[in-house]
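Annotated features, as they stand in TrEMBL:
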TRANSMEM  34-55  transmembrane segment
TRANSMEM  67-86  transmembrane segment
TRANSMEM  98-116  transmembrane segment
TRANSMEM  122-141  transmembrane segment
TRANSMEM  153-173  transmembrane segment
TRANSMEM  185-206  transmembrane segment
TRANSMEM  238-260  transmembrane segment
TRANSMEM  280-298  transmembrane segment
TRANSMEM  310-343  transmembrane segment
TRANSMEM  363-388  transmembrane segment
Amino acid sequence: IYQPSSTDEEKTIDDEDALAKESWNNPSVNKYRLCSCLSLFLAGGLFYSSYGVLIPELERDYNKSHASVSLIFIGDLVSSTVAAAVTNITHLSLGRRGAGVIGALCLGLGSLFLALHLPWPAVPVMICLVVYGVAALDSAASAWIGGLHHASGFLGVLQGCFGIGSTIAPSIAQAVIQRGIPYYRFYYLPFALSILGGVGFLISFWDENGEKYTRDTSRSHKPEETHAKEILKNKVSWILAISVLLNWGADATTSSWIIIYLTEGRGGSSSKASLVNSMFWFSFTLGRFFLTWVLGALPPKWGVKGPVSFVICLCLMLELMFWLLPTFVGSSVAGCLLGFFYGPLYPLILGTLTKLLPRHLHVSAIGIGSAFGAVGVSSFPIVAGAIAQYKGHS
């Protein structure tokens, strides 16, 4: 089992030292690879964050109950789990090129079929297809960027593009509805971006086939253990997976209930609470773009895990302030600051993962983390709602 050295935690593992790290512009094709990844993550953010506006439209359009529409969220969990299970096999057989293109196709085709307004039974299936695509892209793109120089900063930019999509999607979807345009036409936007990014991914990663992926990761592989056994026995992958579960679950809970909490628990108006919610996502995205670079520039004496531990402690403190401060203004300020420090936590976790795990485990570990994160997204808001129903909002 791989364990980080207690005397040299700051160093990456041997296989990363043996293979020279690339940068965002060296070789020059990496510039186009990065742009294609950013485009795909922007498309994923646009799709995910449109749920809040478009789900009520789906219910009215198809005359479905809340229970029927909740199948969407169950499908999210199933799709993420399937992606985690098959992502390493996909990389070994088709390489990073094939894994990324499949993810882009799933994201694009799922969005296209939703835009074509298919009958209801196809809607949950298409959403599951999109979620699988986003999870597959997360593993492929994050593992590649995690091997670059200044990985934490670029992972922040990558996840920040997802945050931009999440920030602007509700406004775009609302504008579509208010202009009398059928709500499902919104899905043409993530379709166009995903196809653009998918074509760029295919061309720029053309040489990244299964043989090259196997060759690049073979130095760190342990021949005496199967891949599944090695990833399941490695405690680092499980610790980081649980961290993602808690991080995504806390993100989803805060963003899902912040408006109700501020209106019913702190006496704010709906318009002011909605503004705070928008500021939460804006600060969330801002933190991903900028704070990851600041924390990535900390001196080596902080160690690999120091920045993550620091941000987790700040998030816990701000979460308590958000809950315990008795005024609308106090909770609102704490909520906005919370978004700023929540944002970079997932990219920092991914950056830590790529430093503490062997190269051949990166893709699978990120896939497992995404699956655990989907569990948090699906379950934490439900638990919070049940507690609020029983104990109240304050």
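Placement of Cβ uses the backbone N, Cα and C atoms for every residue, glycine included.
Model, not experiment: these values are computed from the prediction.
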Using a Cβ cut-off of under 8 Å, list the residues of the same chain at least 6 residues beyond the transmembrane segment (34-55) that approach it.
24, 69, 72, 100, 103-104, 107-108, 111, 130, 133-134, 137, 141, 144-145, 154, 157-159, 161-170, 172-174, 177, 183, 186-187, 189-191, 193-194, 196-201, 204-205, 281
Count the CB pairs under 8 A between the transmembrane segment (280-298) and each of 122-141, 185-206, 238-260, 363-388, then give me the winner.
238-260
Can at least 3 Cβ pairs under 8 A be found between the transmembrane segment (185-206) and the transmembrane segment (67-86), with each pair 6 or more apart in sequence?
no
Other same-chain positions with a Cβ less than 8 Å from the transmembrane segment (238-260) and lying at least 6 residues past its termini are 270, 273-274, 276-277, 280-281, 284, 308, 312, 315, 319, 322, 335, 338-339, 342, 345-346, 349, 352-353, 356, 365, 368-377, 379-381, 384-385, 388, 393
Sequence-remote partners of the transmembrane segment (98-116) [C-beta within less than 8 Å, at least six residues beyond its ends]:
40, 43-44, 47, 87, 90-91, 122-123, 126-130, 132-137, 139-141, 184-188, 190-191, 194-195, 197-198, 201-202, 205, 209-210, 363
